[in-house]
Every structure is written in C-alpha cells, then in structure tokens.
Amino acid sequence: MNETAQTANLAKIYAPGLLNDVSVVEEGDGTTHCWYLGYGSNMSETSFLRRRGIRPLKTVVVHCPTLDLAFNLPGLPYVEPRFANVIRYADEKEISAAPEHPWGKGLIGVAYYVTVEEMATILRTEGGGSSYQVIQVDCHEIQPEKAQNGEAIQVNGETGKRRTIRANTLYCSDPARLRTQLGQPSPRYMNLLRTGAREKSLPEEYIKYLDAVDTYRRTSIRQTIGLTIFVLMILPFFLFGVVLGRIFQKKNGEAPKWAQKITRTVFGAGWKAHDAIFRPIFGNGEVSSN
C-alpha cells in the first residue's frame, strides 16, 4: 500500500480547529487516515478501544526519542492528582522544569492508524483542546506492524519490516496549566498504563519503569474529608464547563474557546484552593504521605 504523509487542511472536511494541526495520510482509495501516538491511558484496550469505540486499522509499538513521559498535568486533588503528558527534549527549559524524574530514554508508546473521524473522537474525549495541543513527532517501530487481527503485515513487500512513522500526539506546554510541584498519578490511572503496556507487549524494561512509578493514596481521614469538601465545591463548576463544551462542541472534536476557558479557570481555582486552604488543613492532595 502506497502511503503519502502530508499535513492537510482538514477545514475541507471539518470546521477549522485542532484537526488542522493533524498530519494525515491519504490512501489510494481517497480515504483519509492518520497515525495517533498514545502514551497514557490510551494504551489500554479498555480505555481506548472499548469506551471510546476506536477501531484502529493498524497498531504499532514505537519509540520516540524526542519525547519523554511525565506526570505534570494536574487532575483533581485527592482523587486523580496527575495525568500523563510528555516533555520535549528539544526544549531544555521544559526538561529542567519537570518535577518528576522521567524515564530518560525516550518515550515508548503505541501508534494507532485511525480514521480522521476517530481522531476527532480522540480529541473530543481528551478535553476538546482545553488540556492538550496536537504535535507531530517521528516514531520508530520497535515491533513489527500488526493489523486488526493481530497478524504482522507487509511493509513495501516485506513482513515485519520496521520503519519511521510521522505520528500525531497530544502535548501540553502551557506553564499556567502544568504543575511544577511533585505530584503522583492515582493507582486507577497508572493501572491503565501498566495494563495497556502489557496488552501491547511493550519492552519489559519500560514496563518495569511504569510499575515503579509511585501512585497517590489517601492515608488519613483528613484527606478523605478534604476530598469530599473539594468535590462538593469544585465538581459542579467543572461539570458545568464539560457539559457545555460537549453540547457546543464542533465536529472536529474541539470545544468552544469559552468552554475551554471555563474548564481551565475551574482547574486553576481548584488547585489554588488546594495549595492555600485544603493542603494545610486536610493534608496533601497530590503526594502520598508515605
């Protein structure tokens, strides 16, 4: 199959927005697909395939030497303190600002070959632009490419040939959105990464790295009380922004700018409240005491 990668103006297919930043592949039959690099919970079959209904035509385990995994994207204190993000090696300032000690050997992830419609679904379920931006990176196959039935397929007439893929992935670089303090993902979230890594047969060394990542656990009644109060105070405003974003979402998966601003404002206010009020009274909501 002859594939020619190019950055296309997808405004012809969808409204302008996030999808205009997506690098696509136009097939000989006129269909449009793209490579999407998943590195967080989207490596999990449950999260990516079942809940979101994504059915990639191909799945490839890849190594991206210009990115590294980091948990510096904040969620909700006391329950989901951190989500996965990437740092870019091209920017030393970003690397030095990352509070965690990342893997340090380049990102290992899963590249999915999906339709443009499925890419819009991915963008929609990843915040509709309020959390991430789309970037393109070169990924190198570390396992032979597989089709939907799990069998290795031919690349340029050769079975199991490895190649470089230009993939789209999600990245947050906004300093106002990231946390510079040390923080830990929840056990629930990390289990999605670990399960996905095993499902996709990622390298054993990388699986051991994921297994060693510390997770956040509430260790006191005060923290549980803090969670309850925090959720009652913040969650209604957060859900308000999410629901409005879904209602007025564009076909390309992007939420309106005003809905994105509501979501970011709520998150920012929530973490300021955590730092100034909740943490001194109820305990740390992003790092376990032990």
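Keep in mind that glycine also has a Cβ here, set from the backbone N, Cα and C atoms.
Just so it is clear, the model here is predicted, and its values are computed rather than measured.
Secondary structure at Ser41 (substrate binding site), taken from DSSP and collapsed to helix, strand or coil, is helix. Sequence-distant neighbours of Ser41 (substrate binding site): residues of the same chain at least 6 apart with a C-beta under 8 Å from its C-beta are Ser47, Phe48, Ala84, Tyr189, Leu192, Leu193, Gly196. According to TrEMBL, the feature substrate binding site maps to Tyr36, Leu37, Gly38, Tyr39, Gly40, Ser41, Tyr189.
The Cβ of Glu126 (active site, proton acceptor) lies under 8 Å from the Cβ of Tyr132, Leu170, each of which sits 6+ residues away along the same chain. TrEMBL lists Glu126 with the feature active site, proton acceptor.
According to TrEMBL, the transmembrane segment annotation covers 225-248.
Largest CA to CA distance in the substrate binding set (Tyr36, Leu37, Gly38, Tyr39, Gly40, Ser41, Tyr189): 20 Å, whole number.
Secondary structure at Tyr36 (substrate binding site), taken from DSSP and collapsed to helix, strand or coil, is strand.
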